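According to TrEMBL, the features are:
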type     : residues                         : note
BINDING  : 10, 11, 42, 43, 74, 75, 184, 185 : substrate binding site
ACT_SITE : 73                               : active site, proton donor/acceptor
ACT_SITE : 183                              : active site, proton donor/acceptor
């Protein structure tokens, strides 16, 4: 099973930051990515609805023969992680706990902030994850417009800067010295986030920390691909392949080539 691909699922495009980190850290591994762009954003939906959509997509990845599932979406991780680990025979890696561990290790004053979608904030998934570290003071802030900016290709300018101050100034006032980017879109906004928070605040990318966990689990379970194998990356979307390819290249660059459409068991290659 070592030659099987790693299955990566996200509500849309943000999980491509996880795919980028996995490809960089594990260059011989093949990736099968599925983005549920037709039903995004998950961050505004009820948890039960997110769970239904996520399991449908994860079922498809397992049917395609992946050797591991990566839930590269904070909202979906909060909604479906326990169910997924009970439902599937392959290991399941997610984004919340790896980022939590890194933030606890990084903080100097015990004040940690999390920025995320409304669904992730309301699920209190990060509150639960940090409960094992009672010395931590946690401040969570939903930043719903950040996803919109990223998918429009906006990573600078006055409008984004104003939104960043609105979202982040309360975290700075709370004295956080470590900030978890609790949505996989947010690494593309590292510049403005770091500018507003200041150089003394450590930013923790849930995407990068998730990729490290993928490496760890593959190694521990002896599932790593042979070094001489040339990887094959495939990308599926429930939305329009052309749009996915256009926006997705902002996240992944030239690694994202042909995109296929998945719709209830059928898929059509983009021209």
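Glycine is no exception: its Cβ is also placed from the backbone N, Cα and C atoms.
Note: TrEMBL annotation is automatic and uncurated.
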Rounded Cα separation (Å) that holds between residue 73 (active site, proton donor/acceptor) and residue 10 (substrate binding site): 5
Among 10, 11, 42, 43, 74, 75, 184, 185, the record's substrate binders - longest CA distance, Å: 13
Separation of alpha carbons, residue 183 (active site, proton donor/acceptor) and residue 42 (substrate binding site) (Å): 11
Shell list (substrate; ref centroid = CB of 10, 11, 42, 43, 74, 75, 184, 185; cutoff 8 A): 12, 14, 15, 40, 41, 73, 76, 117, 120, 147, 183
Euclidean distance between Cα atoms of residue 183 (active site, proton donor/acceptor) and residue 75 (substrate binding site), Å: 8
Alpha-carbon distance [residue 183 (active site, proton donor/acceptor); residue 10 (substrate binding site)] in Å: 11
Neighbour-count leader, CB within 10 A, binding-site residues: 11, 74, 75, 184: 74
Residue 185 (substrate binding site): secondary structure state under DSSP, collapsed to three categories: coil
DSSP three-state assignment for residue 10 (substrate binding site): strand
Neighbour tally for residue 185 (substrate binding site), based on other Cβ positions within 10 Å of its Cβ: 29
Count of other CB atoms lying within 10 Å of the CB belonging to residue 73 (active site, proton donor/acceptor): 36
